[in-house]
Amino acid sequence: MIDIKLLEKKAETGTSYYDEYKQGLVNRGASTEVLEQIMELNKKRKELITQAETAKASQNKLSGEIGKIKREGGDASAILAEVDVLKTQVKELEAKAAEADQQVTNLALVIPNKPHSSVPVGSSEKDNKEIKVVGTPTQFSFKAKEHWELGEALNIIDFERAGKTTGTRFAFLKGAAAQMERALIQFMMDKHSMKHGYTEMIPPFMVNSNSLLGTGNFPKFKEDVFHLEGSDLYLIPTAEVPVTNYYNNEILDEKDLPQSFCAYSPCFRSEAGSAGRDTKGLIRQHQFDKVELMVFAHPDKSHEVHEALTSHAEQILMDLELPFRRVLLCTGDMGFGSAKTYDLEVWLPGQNAYREISSCSNFEDFQARRANIRFRSAGGKPQFVHTLNGSALAVGRTLVAILENYQREDGSVGIPKALQPYMGGRTEIRK
């Protein structure tokens, strides 16, 4: 959420933060109308507060005169009537100011974050900037199959029966695919906790609406989540939501920053707006597993932490020997709450394309302001932390990448060396 007070101040460049934020919205391809409405409403709110304070001061002054008049035996009825009028005015003005304040808050909740200055300006994924390529895209002497063809041929993925029991965008993993999914989760969690020092966490798989508001999913993306009817509970779209809200409305000690967590969870998404996209296979499911990295960082260190977090996600791909690239998203392709995002895209030979397998973002204080997560230095005032998170990795898409990159001409699939100890020493998948 944006800092309304900051919008009224001058930036170090000499321009106002309002102008900078407005330009940030333009760079995102977002409307600036709401920002302008916020400024007008905030101006109105201040005027109403001033009027209420003036009326209150007059009321207090007259109230003081009433006692004097009564002590002198005079008639204070006229002043009493005037005080009653002022009391009514104060209540009305304060109510209008509170209403304007709520309107400002409601509007502020639907404005996206301001992009960091290092983010390239662009309108779509074609304007994203390739940062690096790791590994050579896998090429075969035979026609590469897509993962769903391999999964069905090996009898380890069943989409048809999932469609019968549940519906579209679901799958049964069985045999070697189920074993590999479980092995990947364990492998990723071990790597992040044992090598990189993240604290393991398994969060609740349901959250309340306040938590979704804190991360920026609500109110703008309410249609993207599954709601448990008759309650204030929602299935999580990502572990980012419960883990970010772990410190909701708390003040941390500066010396305890950064705090880093790795969390496994299933994720549930309605995929509203994705009609016709990736309708076959595991790429876009209503339910999928993911390992998430989450860091609460000092504002002075957050962009340094962002680089480290992204490299930790990359390490999983390198250990599995999967070709990938890192892409810096442009302003028009970033998520709503992000100030800067790197996507990791893994090579899929069956599609002959790079596909997203991880998104690593620095939200700066955008989420912390919404969820009221702060830290305090010794003797200092509370400040908002910076929050960062990244998929490390989307487990189903990692399974997809292994099937497609390790496929063989005879229809079998090899298992990455790093994963073999997690699969009982198994080296391949055959029917």
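Cβ from N, Cα, C; glycine included.
Binding of L-serine is attributed by Swiss-Prot to THR238, ALA239, GLU240, GLU292, and the same site annotation extends, among SER141, SER359, SER377, SER391, to SER391.
For the ATP site listed in the record, the two most distant Cα atoms among ARG269, SER270, GLU271, GLU356, ILE357, SER358, SER359 lie 19 Å apart. The most densely surrounded of the binding-site residues SER270, SER391, judged by C-beta neighbours within 10 angstroms, is SER391. Checking Cα-Cα distances from THR238 (L-serine binding site) against the binding-site residues (ARG269, SER270, GLU271, GLU356, ILE357, SER358) with a 10 Å cut-off leaves ARG269, in sequence order.
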